[in-house]
Every structure is written in structure tokens, then in C-alpha cells.
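The next block holds one structure in the form of C-alpha cells; read it before the comments.
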């Protein structure tokens, strides 16, 4: 979920780069670009994870209400793995450097997870799963294991990559901004490539060996996408780790290694936190309660509600479902393009609107309206199928409406990935609190709501007929409330 992780890594950057290895000066820009390019490989995999894996696990027989529990690994690893990797990366004395061992380990874990996910159906079949059975339990277990390893691996990769850029910048503010700008650029490249691959329905023809007795066309496409993902990641990682030196670190007598561990600082900060920061945490938490149901089930909504397919139906229904999934991946690609363009204009728009809190409040209204409009698009699609028949594809207008919602949601998503972190920095500066600590506390307001949604959205959807709309409506309400709170109580 790297869009989800992208700005949480700022906590890691601040923490890790603060104890950089002594360098003669900033490294050449070409070396920073080489390290930043790893983000393209990371985001390619995240894009596939966000667009294809929730539908795929349902094709393996998991009921609609359960995939959200598998997604729990995202916030859990964001809460535990990412700070832990940062902590130990700061203190790594390996002769290969502080960052390279963690980056290499993360890339290898991604490769392992991709094999487990892509070949889950094949491994499950060889272990006794019956192809004609609706639930392939062994494949589901292997898939879930690979899914969790993938989340852990991505969190192992991202923090050290950003910290490596901080080390290479050697404290130069302009170089640091430039390095992070390149990292964001390659994230956008990876997103677009990943969603484009996910939207292409005939990718398996390039890798014909991916289609097997246990692995149908959708499975073979997924497998092919992940082959491209791991190839890209391994190539850019090997080039960066070979080309860019990571000097061995030796702890100094006056280093901060013996200070309170980061988690202890975080929990201690809640005791002394002032009202402006509490208000920021409330708005952020509501914002992520609004976002997470859609991020979990957006492509499933396209396949299930808009296209009228069924992951557990006959071949025709599964084909409809798969068509919707691929169109949903196209929508996510449009979302990423709008997000990237919007990110470039945030500062200017914020000034014209009179401040960050007004901009955040305004785009949360857009978020609420777009989530509510999924109900209208769904009803129009259902009405069309009642008239034209249950196997009828959605009209061009319905499809365009759904894709427009995906694209428009790139606007509030860009704000969600930037404004909360900027406000946390401003509040921490004005109150005298450490920026690293404030961003760490903000991270808690992101991952805890994600865990709550992961536990709750599946059962809520099941309670109202196993569709996606109940979770989206809850998200729309949370977005509206967060908008009101942003306008009225944020400093």
C-alpha cells in the first residue's frame, strides 16, 4: 500500500538521516537518482497489491467479508516493522553499510512473497486442493503468508531507501529536497506502470507458462504482473547497491544510541501532547477511516457492483468480474496521474484558499461526495442490467462515471499524503516538540484507524448483503465529519 506508506516514511527519514554517517559532502545527483529509482520497483508491487490481490483472494474462495483481515498486515507492519527497521538500520555496523543490508533483505523478501502469491493456486493444487471446489484452503493459506511477507518486505525497503537518500544528501537541505522529489517521481512512475500492467488483460500471453491447470487466465495475468514487478525491483536494486557506496558506520561515545527507544518516546508524547496536535490526530484518523474501505475494495467494487460479476459464479460471471477488475486498475492509474499533478500544485492552491486547513477541509468534501456517488453509479449499473439483462456490460456512461470518480479521488488523496505531515511539522515547531516525535505520533493516527477498518468493514458489508457500498457510505460520513472538524478546530 505504498501510497498509504509514502508519507509515513517521512518519520523514518527524519529519524534516520539525523544520525547520518559522516560524509565529505553531498553525493552526486546521479547516485541519488540511482537509489531513488528503487521506489519505482516498490510502487509497482504496491500498485498490483492494491488493485488485484483483494479480488484474487476471493477467486480462491475467501468470502467477501474476510479479505480485509488479510490486509491487517499493512497497518501492523507500518506500526511495528517500519520503526523497528529504522531503529536497527540507524545502529547497523555491517561492513556493507547501514542501509544496503536492509534494502537487499527487503528485495529478497519481495521475491519470496511474489513466488508464494503468484504460485499459491499451483502450490495449493499440488498439496491437495481440488480445482472444482469453491474454496481452495491450502492456496489461501499460502497466499496469505505471501501477502504478509510482501507487506513486511515493502516496509523493510522503504524506510532505509529514504534514509539512504538522507545520508547521501549529507545534511544539505536543497539536496535532501531534490532527493525526495526524485523518490516521489519514481513512486509515481511505479504506480502508473503497476496499474497499467494490472489493467492489461492479455499479459499472460507474453508469459504463456504462467497458465496451468490450477491457474486460470486471471491468475496467470496476476503471475505475469508480479514477474514484471520483481524483475524491475531486482534490476534497480542491484544497480543501486552496486553503484552507490554505503560507508560502514561506527558508533560514537556521544551518540544517541542509549536514549529512550522510539516506541517509548511515542507513547510518552501522548501524555504531554497539546490540543492542536490532538485535533490534527482526530482529523487524520477520520480521514483514514474514510479512505481505507475504498482502498481495500475499489477494484472489487468495479467487478462486483459496476460490472455485475461474481468471483464465485460460473465462468461468465467470473469473466465479467475480471473485466471490472482490470477497468478498476485503469481507474487507479488515472487516480495516480491526477494525484501526481495535484501534488505539484498543493502549495499554491493552499495559499490561494487561505491555508492548509481550508484546503484539507474542502477536499474532504470532494472525498465525501465521491464516495457517496459510488451509490449512484452502482444503482445506475443495476438498473441497466435489469433492462438489458444480467450479463450486459455497463454502458459507456456508467463506465465513464466510475472512472471519473477514481480520477477525482486523486485530488483528496494528494492532500491526505501531504497536508497532515506539513501541519504536524508546523505544530511541532510552534510548540517546541520534536518533529520526528510529532510525525511518529501522526503515524499512529494513520495505522490504528486502518486496523479498525480492517476488522470492521468486512462484517459491516456482510451485514448488508455482502456488497461494498456499506463500507463506502461509512467512509463518506467519516469524510464529511473530518471536513467539518478540519474547518472548525484545526489551528
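Just so you know, glycine gets a Cβ as well, placed from its N, Cα and C.
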Which range is it, out of 277-297, 298-318, 382-402, that shows up in Swiss-Prot as transmembrane segment?
277-297
Just checking the record here: does Swiss-Prot list residue 175 and residue 381 under the same topological domain, which would place them on the same side of the membrane?
no
Candidate ranges 139-159, 160-180 [criterion: Swiss-Prot lists as transmembrane segment]:
139-159
How about the transmembrane segment (181-201) and the transmembrane segment (139-159): at least 3 CB pairs under 8 Å, pairs 6 or more apart in sequence, or not?
no
Stretch in 33-53, 324-344, 359-379 most in contact with the transmembrane segment (224-244), if contact is a CB pair under 8 A:
33-53
With Cβ-Cβ distances below 8 Å as the criterion, list the same-chain residues six or more beyond the ends of the transmembrane segment (139-159) that contact it, or say none.
1-2, 5-6, 9, 12-13, 16, 38-39, 42, 45-46, 49, 53, 56-57, 60-62, 70, 73-74, 77-78, 81-82, 85-86, 89, 102-103, 105-107, 109-110, 112-117, 119-121, 123-125, 129, 214
Same-chain residues near the transmembrane segment (101-121), Cβ under 8 Å, at least 6 residues beyond its ends:
38, 41, 45, 53, 60, 85, 88-89, 92, 94, 129, 136, 139-140, 142-143, 145-147, 149-150, 152-154, 156-157, 159-161, 164, 210, 212, 214-215, 219, 222-223, 226-227, 229-230, 233-234, 237, 240-241
Thinking of Cβ pairs under 8 Å, which stretch from 33-53, 359-379, 403-423, 469-489 has the most of them with the transmembrane segment (277-297)?
469-489
Summarise the model's confidence over the topological domain 'Cytoplasmic' (424-443) as a mean pLDDT value.
62
Grab the same-chain neighbours of the transmembrane segment (403-423) for me: Cβ-Cβ under 8 Å, and only residues 6 or more beyond its ends, written as numbers and ranges.
3, 6-7, 10, 280, 283-284, 287-288, 291, 294, 298, 327-328, 330-332, 334-343, 346, 350, 356-357, 359-360, 363-364, 366-367, 370, 373-374, 377, 439, 442, 479, 490-491
